[in-house]
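TrEMBL lists D161, D464 with the feature active site. What TrEMBL lists as UDP-alpha-D-glucose binding site is E132, D161. Positions annotated as Mn(2+) binding site by TrEMBL: K302, D326. The compositional bias 'Gly residues' feature in TrEMBL is assigned to 1-14. Look at TrEMBL and you will find 1-20 tagged as region 'Disordered'. If you look up TrEMBL, you'll see 31-50, 66-91, 659-684, 699-720, 732-749 marked as transmembrane segment.
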Amino acid sequence: MAGSGGGVVSGGRQRGPPLFATEKPGRMAMAAYRVSAATVFAGVLLIWLYRATHLPPGGGDGVRRWAWLGMLAAELWFGFYWVLTLSVRWCPVYRRTFKDRLAQRILIANSYSEDELPSVDIFVCTADPTAEPPMLVISTVLSVMAYDYLPEKLNIYLSDDAGSVLTFYVLCEASEFAKHWIPFCKKYKVEPRSPAAYFAKVASPPDGCGPKEWFTMKELYKDMTDRVNSVVNSGRIPEVPRCHSRGFSQWNENFTSSDHPSIVQILIDSNKQKAVDIDGNALPTLVYMAREKKPQKQHHFKAGSLNALIRVSSVISNSPIIMNVDCDMYSNNSESIRDALCFFLDEEQGQDIGFVQYPQNFENVVHNDIYGHPINVVNELDHPCLDGWGGMCYYGTGCFHRREALCGRIYSQEYKEDWTRVAGRTEDANELEEMGRSLVTCTYEHNTIWGIEKGVRYGCPLEDVTTGLQIQCRGWRSVYYNPKRKGFLGMTPTSLGQILVLYKRWTEGFLQISLSRYSPFLLGHGKIKLGLQMGYSVCGFWAVNSFPTLYYVTIPSLCFLNGISLFPEKTSPWFIPFAYVMVAAYSCSLAESLQCGDSAVEWWNAQRMWLIRRITSYLLATIDTFRRILCISESGFNLTVKVTDLQALERYKKGMMEFGSFSAMFVILTTVALLNLACMVLGISRVLLQEGPGGLETLFLQAVLCVLIVAINSPVYEALFLRRDKGSLPASVARVSICFVLPLCILSICK
C-alpha cells in the first residue's frame, strides 16, 4: 500500500509528526480490478444490445414481447445499479493511527502532556427496559467508563427514554461496582472492559493478578448481577438503595414511560473529592437523564434523546468531543478514544474532520452464519471506499463527533478548536441538575432549529445518516477507522423476522432521504464529491431493486413452465455475455468475501439473504413509503429487541433459519420459493416429455435460473416440509402462499 500522513511544514513553521496515515491499495491491484470491471461492463452493454435488437414482434407472440420488455427494464436497472456500486469502489483508503505520538508530540514550541488532552462526553441511549435489559445497558456503560483515558476528562451520560426506575436503580448499582471494576481493568490491562463480555470470554486471571483478587472481582460482579436480576424480575426497588440516593424520590405512582417529568441526576461527580475508586483515583462523571414525556407530544425517538443529551452535557461538562454508542454495543477496545483523537488533533489533516466513525461488529454471529451478515465485506471494502470519497456515513453508534460540527457550525479555514474548553460550571450539583432538567422539557425545542439545523436531524427513520450528510455538506470531512482490535461489539438479530424488519426500517429511511430535499444529489450538490453522493445513493436505491428482482425471480420461471424463451440459446454467440457477466460477477463477489475472511458457505448464505431482502424488506419498504407520501399511514419506529429466545438461539447455532410467526414478508418469500419449485419440476417434466433432452436448448438459462432460485431457497423448503419446531414456517403462511401459486400453475398447464 502507498501511504501518506500529516504534513511536516506549514507556513514556514515546524509541525509535529503526523498522528495518522492514509494508505491506498497498490496500483497493480487497482488496475486488475478496473480491467475486470471493464470487461463485465462490456458484457452488460452487450446484454442491453441483445435485448434491444431481438425484441419479439407483437401480435400472436404478445406475451413473450411483454415479458421481454420487462426483462429489458430489469436488466437496464441491474446494469445501472452495478455501475453505481462499482464507481463508489474506485478509490478505497485505509487509516492507521500513531497513538504513541499523541501524548509526546510537540505543538510548535510548547510541550504537550496528557493533561492537555480534550475531555470527552459519551452518550448511551436506552428506550425500553424490556426490549433492552438493564444488565445489557450497564455493561455498555461500565465498558466506556473504563476507557484508558484520564477519568477527570470522561463524562458518561445515560439517556433513559422510558424513565424507568429499574434502569436508574441498575445505574446506581453500576456506579458502586465501577469503583472496583475500573481500577481492576486499568491495573491488569483488561480487554474487553464490559464485565459481562469479559467474564464470559476469560476463564483465568490476567497476568499479574492473583487468583484471590480475580475471584473476588468475579464474585462482586455476580452479586451485582443477582441483585439486579432479582429487582428486575420483581419490579420492586429495595428500601436501602432508595434511602442512599435522593434520585428515587422523583418517581411516584403517576409516573409512566409516556408521561413523566424530566429527570437529570449526577450519580458520580468527578469534581468532588469523594468521587474516587477503591484506590483513591478519580472516577468519570456519570449522569442519568430522562427527558420529559407527555401524551400527544412529539419526542422524535432516538434523535430527540441525543439532542437532549447534547444540551444537558453542555452545562455539566461541555466536552469538545462527543461519542455516542447504542446500549447493546459495548466498548471492545480501551484505546478507542486515543485512536479517534489522532484524527481530530492532527495539525495538518485534522482541522476539518467532523466525525470519526467506527464500524459495527457483532459478537453473536456464528461461523457459517445462516443469515450471511455481510459485515466483513462492508467493513473491509465498502466503508473504506466511502472514506476515499471524503466522507464515511454516520451510522448512529460508535461515532466520535466534534461538538461544534454536531451543533451546526459551518467549517471554514479560519476555524480553530479550543480543545481545553469545558463548561463554566458551578460546584453545586443541585443547580446543574436543575439547569439540565429545564433543557429537556417537551416544549424546549418549540420554534428552535434543534433537529433542523442543530443537533441530530428529525423526520426520518435514519436520522443519523441525514445528520452525517448535513455535517459533510457544511464543509466537514468524516473518516472511517477500522482497527485490528474492534472498537465496539454488539448484538445482531438472529431471527429472520427481526432481520427483515430491521432492513425494512433502514430501506424506508434511505428511500425517504432520496425522495426528500435531503437527497445526496440535492443537498450535496456542489458541497460533497459526486462519488460520495453516489455512495449514499447505493443504499438510497435499495428499495428500487425490489421490483426488478421480484420480476426476475418469477416471470422467467413462469415462462419456462410455458416454454417461452427469454434468453439466447446455448449455441448462440449472444449466450456468451450472459454467461460471462453471471460467472464474472459472482466470482468477483466470492473472491471479495474470501479476501475479507468469510467462508464460501457464508458467501452463499449472503447471496440468499441478498435475494430475500430484495423481495421482502425492500418491497414492503417501498410500498409503505409511498403510502406515507399519500398520507395513508404515518411514520413510526420499531425498537430492535435485544432479548434472545434460548431455543431460537440454539437453532441459529445449528444453521436453521428462524421463522415462527405469520408475516407478509414470509408469505412473499414462501410464494416465490414454491412457485419456482413448481416451475422447475413441471417445466423440466414438460420439456423432457414433449421435446426430449434437446428441448432445453432454447430454455437452458431459464432452467439454470430456476434451479438456482430453488437451491437458494432450501431453508424455506426445510422450514415448510421437514421441520416441526417453533421456528418453522406456520401452516397459515403455507396456505396463503399456495393460494397464490396454484392458480398460476393451473393456468400455465391448461394453456
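Just so you know, glycine gets a Cβ as well, placed from its N, Cα and C.
Ranking the recorded positions E132, K302, D326, D464 by the distance of their Cα atoms from the Cα of D161 (active site) places K302 first. For D464 (active site), the nearest neighbour among the binding-site residues E132, K302, D326, judged by Cα separation, is K302.
The Cβ of D326 (Mn(2+) binding site) has V124, C125, T140, G396, T397, G490 as same-chain neighbours under 8 Å, each 6 or more residues away in sequence. Note: the CA-CA distance between E132 (UDP-alpha-D-glucose binding site) and K302 (Mn(2+) binding site) rounds to 14 Å.
Of all Cβ atoms in the protein chains displayed, 23 besides its own lie within 10 Å of the Cβ of D464 (active site).
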